């Protein structure tokens, strides 16, 4: 429906052509600077400062892994020194291949203007190929300064991949399912990371008090978790400056203790840096070695959070922080623990705390607990960000989003999700009570997210980077060579706790997929049932009703066409406002839409109809922020549009231009009105840009030159009169008209679809926030129009 072939268009008739010319998608200025959002150049001092700050945001989760890795790798104890050496060798080269080579030097480059995570990769793909399942985009959106994309040669590999992805709807759906799986599993990380990090850190209490019950450790962990989640609504702005020093102190601690243990206990452990011991490890332990991979894999937990928490740090700063501080300290920490375990095989369950010298034990315990809290906070914040991105792309129910910082727009808090995470986190901690089963669950979640990232990187490398296929194959082989064995090992532990992330991910997947499916079907229903502009014009300037003073903002998801809700409104009520504005709020697959490019305004039909359209465009990181002046911003854009429209009319050269040839003279006259008024204005806070409709083509028009100008002057109001008219309408009152639709499955639908639409989707819509709350519409100015959609 969005595009028709030329052969189909020639058979439509004059009324269809009139409809197309009076309500075409909005154009915008194409000459904007495209380089304003490229990564800035940073001085060396600033780069080092950002690298230091990234420690507290990006590396907390990865840095706390030494608390629980060896215990999960050897839950039944250690029998031979060579087993420890082999496990350490696996940890060393896993850290080298996955966090260092794959993520720090490859995946981080796939960020979306500083934004990382699964949805950032998906947004990049949506900009480079038409794979978005909600077809609400238009080619003019590609002119945004943040809408970067590549062009391809006709026979290139990238062009063939692009055509292959766009060819069938099931391919787009499969890609969306992969993205949702990665997203839902990442949400599971937000539950399991606080559970295992805080529980492992709290376990230090029992080391100095061997007779203490495990229940006491669990209670302490639960109290810390309740305090952590209860403080979320304050945000991290006020205490965020502490995060980087705490994590830096933690890395210095584990690195120093590791170096001390190597010197003190067994320096021969350094032979683990020879990869031949990996082969010997599998040769000696056989099936036991494969099962222990699930615990060894925990050494790279937090790697995906490294990408998801990229935020606004430059990639080079993160690369510096990881290579100079994180990576060396982690290697020293694991090597030191291995040296201690070889000399104290009975202490593998709590090797980290027992390897700490007694003189610094309690300070180390405090630092470990603080580092676990920081790691948990980073994962919780990443979960909020994931939910926000999913909501913006139509994959999650509308929930309340609160800004916790005026300086950093990325710092948000979602109350409903916060308490769900708290309940599930406490249930996991109190239910399992030990690190081993939580570790099994955590490992399963992490490796699934990594596999999803690997698969998404393939089209990214081909479409976005235009990499040679040999490099792509090399990346896939090296990644899967490590990740598939770990994934297989985690599957063996599904009955030992690995089922938890699968259940959590499945629950969130059902919620997100049902919501997205119904959202797409509702949008398609509105697209197919939108009203013809020819029908609107046939009603005349009064629309067949009494035009009462006032402005009516009609909210719709359609960026073009007259929504069905409007026809439903005017056929059931005897009056309509003097000025009608169709407001479309849509999200684009970009991380942000600059303020000065956010609003587009254009006129629909002749001037005396007083019908306008305003499209407000947002990126997946943008928020309405409870905009109380949203109504004022819309009105100011209308005023600016009228002024600019009047200015441009004086310079309009219509002597040789008109709309495509019509069948009747009346059609030509009406179409000409659209030509003269079919101009777009992009405005916000006084910044304007003008663009005329580019679909007007030269033809032999029966109306030429001065006759056209005379007709225009007779048919239009002066700008001062129209501005005065608009202000009087505003003073008379503003009404916001929203659709209160009920979505039901068709009677011939299957039982699964009926359950999903009639019960699950209906329940989620009932529980989620209303559009009137999201747009901050005053209750006294709200008018709901009820309808039933059968999908």
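Each residue, glycine too, has its Cβ placed from N, Cα and C.
Automatic prediction, not curation, is the source of TrEMBL annotations.
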Report summary line: Ranges in play 194-211, 212-229, 266-283, 608-625, with TrEMBL marking transmembrane segment at 212-229
Requested in this report: Using TrEMBL as the reference, determine which range in 108-126, 127-145, 146-164, 469-487 is annotated transmembrane segment.
Outcome: 469-487
Report summary line: Relative to the transmembrane segment (499-520), the stretch among 84-105, 173-192, 212-229, 408-430, 469-487 with the most Cβ pairs under 8 Å is 173-192
Query raised in the report: In terms of Cβ proximity under 8 Å, which residues at least six beyond the ends of the transmembrane segment (84-105) contact it?
Result: 62, 69-70, 73-74, 78, 269, 271-275, 277-278, 280-282, 284-285, 289, 292-293, 296-297, 299-300, 303-304, 306-307, 318-319, 322-323, 327, 330-331, 334-335, 338, 341-342, 450, 475, 478-479, 482-483
Query raised in the report: So which of 212-229, 289-308, 315-340 is most in touch with the transmembrane segment (408-430), counting Cβ pairs under 8 Å?
Result: 212-229
Query - Chain residues in Cβ proximity to the transmembrane segment (575-593) (below 8 Å; excluding those fewer than six residues from its ends, i.e. six or more beyond) - result: 112-115, 120, 122-124, 126-127, 132, 136-137, 141, 144, 146-147, 392-394, 543, 545-559, 562-563, 566, 569, 604, 610-622, 634, 638, 725-726, 729, 732, 735, 775
